[in-house]
Amino acid sequence: MLNLLLLALPVLASRAYAAPAPGQALQRVGIVGGQEAPRSKWPWQVSLRVHGPYWMHFCGGSLIHPQWVLTAAHCVGPDVKDLAALRVQLREQHLYYQDQLLPVSRIIVHPQFYTAQIGADIALLELEEPVNVSSHVHTVTLPPASETFPPGMPCWVTGWGDVDNDERLPPPFPLKQVKVPIMENHICDAKYHLGAYTGDDVRIVRDDMLCAGNTRRDSCQGDSGGPLVCKVNGTWLQAGVVSWGEGCAQPNRPGIYTRVTYYLDWIHHYVPKKP
């Protein structure tokens, strides 16, 4: 089953950046159909940086505890093994303009992760020191296990990824936001089977995944690992982690996110429920 699914999904891509060639650097650092985020919003958003000619943004993440960041496994494993080459930048309106990069002491990738399309696309980063929580930087609330995030619920995804297919976020690289509707898993799975070689009996969208977006609004490359948040009873809850998709805002190809509620026990094995 694993090999069949891998062979059947050759064009489905995770939403992280590869390292840019020299001279392309600042062009390699969006959200489709969105707008610049207000400075007062999304205080849990972080940028993951890898060392090169400069500390380059390659994925997003969210602060879920003063000392812990939640991100996608395909962003940091198994390729990123050198902690010295990884940094975390807390909420920043424009990439690279006021960097205060934080070192990471530990990377924990879910043990069942193989590829984003197979699932378990979730990872934790432990910061060397807890951060000072403020109105500008603070944690996002994880949902209770019972929260389902019903189809049609309006949620928001944020990041610094591409603004369209193969269209990079231009300077000054602002944090972008877009509202996306939740889509029921079985409908999302049926859409991904359209035009695919995968048999109908092979599930593409699995129980640990969550779908959101449409042909006008979606996350895109470079947004990987960032949060999908939904407001429930006045509280922002992190429903998903940007994981993968086929293109960005393409017909019948919603964005696919790691479902946070599916991994709450695993998260809390490492991360205290209260700071």
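Each Cβ is built from the backbone N, Cα and C atoms, and glycine gets one as well.
The cysteine that Swiss-Prot pairs with C155 in a disulfide, picked from C75, C211, C220, C230, is C230.
Looking at C188, C220, the record from Swiss-Prot puts C211 in a disulfide bond with C188. Sorting the glycosylation sites N132, N233 by the number of other Cβ atoms within 10 Å puts N132 first. C211 (disulfide bond) is 13 Å away from C248 (disulfide bond) when you measure Cα to Cα. The recorded positions recorded for this entry are C75, N132, N233, and the Cα of N233 lies nearest to that of C155 (disulfide bond).
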